[in-house]
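The next block holds one structure in the form of structure tokens; read it before the comments.
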Amino acid sequence: MKNNYKSLVIVGSQWGDEGKGKITDYFSQKADVVVRFAGGDNAGHMIEFNNKRHKVTIIPSGVFNPKVKNIIGNGTVINLKSLVNEIKRLNESNISTDNVFVSDRAHLIFDWHALIDQLQEENRKENKIGTTKRGIGPTYADKAARYGIRICDFQNPNFKEILKENLDYHNQIITKVYNHEPLDFDVIYNESMTNYQFIKNNIIDSGYEVSNLINENKFVLFEGAQGVLLDIDHGTYPFVTSSNCSANNASIGTGIHNKQINKVLGIVKAYNTRVGSGAMVSEIKTELAHKLRERGREYGLNTGRPRRIGWLDLVALKYAIRVGGIDQLFLTLFDVLDTETKIKICTHYKLDGKIIDWFPASDYELKRCEPVYEELDGWNQDITKVTSFEELPINAQKYIKRIEEIVKVPFLGFSVGSDRKQTILIKGEFDD
């Protein structure tokens with residue numbers, strides 16, 4: 001596996017859960033650095049190798065390679081309690097976290113953020129977003145409103161007063177808007193200081209560090225969270241996450257300039273899934289959805305919620321490619337379709353009787369869209385042991401080629417199982 005450039009951004013091209021962690025782990029075997037640039041511990045990544053499965057939520061997926069420096073960038077939001085627990089859990093599995101570093105500019109998730117997240121979701125009644133209730137949205141809201149507290153604020157001699165003022169403000173919302181009991185300051189302060197002491201020696205200026213490494217010709221992987229269709233600006237609003245998930249945010253969420261980004265790889269599942277509310281044009285409403293869900297183990301890593309299942313939506317994928325800046329694609333969970341004799345791909349939408357090939361902005365419009373399908377022959381045989389594109393059944397090869405023809409972007413590779421070894425490059429190297 002050759003690498004002809006200094007940096008690669010890996011993003012999800014659907015509604016998350018595409019297998020970004022597995023592909024990041026695969027490429028991290030040749031990387032010097034892996035950076036998480038957005039999201040929080042709401043994004044669970046599952047990595048499998050040597051017959052063991054490992055889950056990470058906020059720590060970059062490169063942590064399983066001891067030679068890789070792993071950086072949690074300034075664009076993330078960090079729950080220190082979750083981070084410390086994740087570090088301890090990895091250490092208990094004999095995985096070193098000495099190579100994990102945290103940006104001093106990252107914003108912090110506190111107990112009040114998670115509580116407000118929960119109370120807001122309950123207040124929405126039938127219009128729920130489907131949030132994980134981990135405080136991600138309220139933390140990003142505080143960041144924009146300039147109420148946020150960053151990791152570097154721990155060094156301020158007035159940190160205790162800053163924290164108290166912040167909690168007092170949020171307790172007003174908790175008690176007067178939601179009629180809930182206030183949170184206790186001493187508990188939050190003591191816990192925060194304990195967790196800060198645990199990670200303080202691993203706090204860095206992520207932008208300074210990553211920029212220097214790129215200038216030294218080190219290979220840097222940028223690991224995205226969620227997917228482009230959950231992007232706060234370009235996703236299916238309001239049923240989105242609270243951060244920017246596209247490659248455009250990799251530089252902002254790390255602290256470098258966008259000219260230091262070379263390539264963008266979009267991870268695309270062989271079918272569509274979605275957690276929570278919001279339109280999903282190609283959703284399967286038959287028993288087939290349950291069958292594919294079980295074959296693909298399509299349940300949330302953090303919440304256990306069953307994911308909604310749909311045929312691959314190429315209208316949405318073309319949109320994600322455009323706004324996500326995607327140069328190449330990587331197909332995952334390809335083997336889940338092994339048992340299907342007929343496979344559909346959504347090539348267009350029908351909106352109010354008109355055929356369209358563009359992705360509507362509003363959930364109201366998307367819910368009125370009907371899928372226009374093209375049906376392909378399946379391969380109906382096990383592909384989990386193939387080691388090259390040429391070993392795939394002809395119809396599986398045709399599936400990949402047909403997607404490429406429609407979206408006009410090539411596949412770099414595909415995955416036929418959960419193990420690291422079941423990851424196959426089509427061309428054997430990264431394209432220039």
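Here the Cβ of each residue, glycine as well, is placed from N, Cα and C on the backbone.
Because the structure is a prediction, the values reported are computed rather than measured.
What Swiss-Prot says about this protein:
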ACT_SITE  Asp17  active site, proton acceptor
ACT_SITE  His45  active site, proton donor
BINDING   16-22, 44-46, Arg307, 333-335, 415-417  GTP binding site
BINDING   Asp17, Glu18, Gly19, Lys20, Asn42, Ala43, Gly44, His45, Thr132, Arg146, Gln226, Thr241, Arg305  IMP binding site
BINDING   Asp17, Gly44  Mg(2+) binding site
BINDING   Leu301, Asn302, Thr303, Gly304, Arg305, Pro306, Arg307  substrate binding site
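On the structure: features taken from Swiss-Prot.
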residue	record	DSSP (3 states)
Gly16	GTP binding site	coil
Asn42	IMP binding site	coil
Thr132	IMP binding site	coil
Gln226	IMP binding site	coil
Thr303	substrate binding site	coil
Phe334	GTP binding site	helix
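Here the binding-site residues are Met46, Val416, and the one whose Cβ sees the fewest other Cβ atoms within 10 Å is Met46. Reported as a whole number, the C-alpha separation between Asp17 (active site, proton acceptor) and Thr303 (substrate binding site) equals 13 Å. With Gly16 (GTP binding site) as the anchor, the candidate binding-site residues are Asn42, Gln226, Pro306, and the one with the nearest CA is Gln226. Summary for the binding-site residues Lys22, Arg305, Arg307: the Cβ-based neighbour count within 10 Å is maximal at Lys22. For Thr303 (substrate binding site), the same-chain residues that are 6 or more apart in sequence and have a Cβ closer than 8 Å to its Cβ are Thr132, Val275. Between the binding-site residues Asn42, Thr132, Gln226, the minimum number of other C-beta atoms within 10 Å of a residue's C-beta occurs at Thr132. The distance from the Cα of Phe334 (GTP binding site) to the Cα of Asn42 (IMP binding site) comes to 25 Å. When Cβ atoms from all protein chains are considered, those within 10 Å of Gly19 (GTP binding site) total 24, not counting its own.
For the binding-site residues Gln226, Gly304, Arg305, Arg307, a Cα-Cα cutoff of 10 angstroms around Val416 (GTP binding site) retains nothing. When the Cα atoms are compared, Gln226 (IMP binding site) and Gly19 (GTP binding site) turn out to be 10 Å apart.
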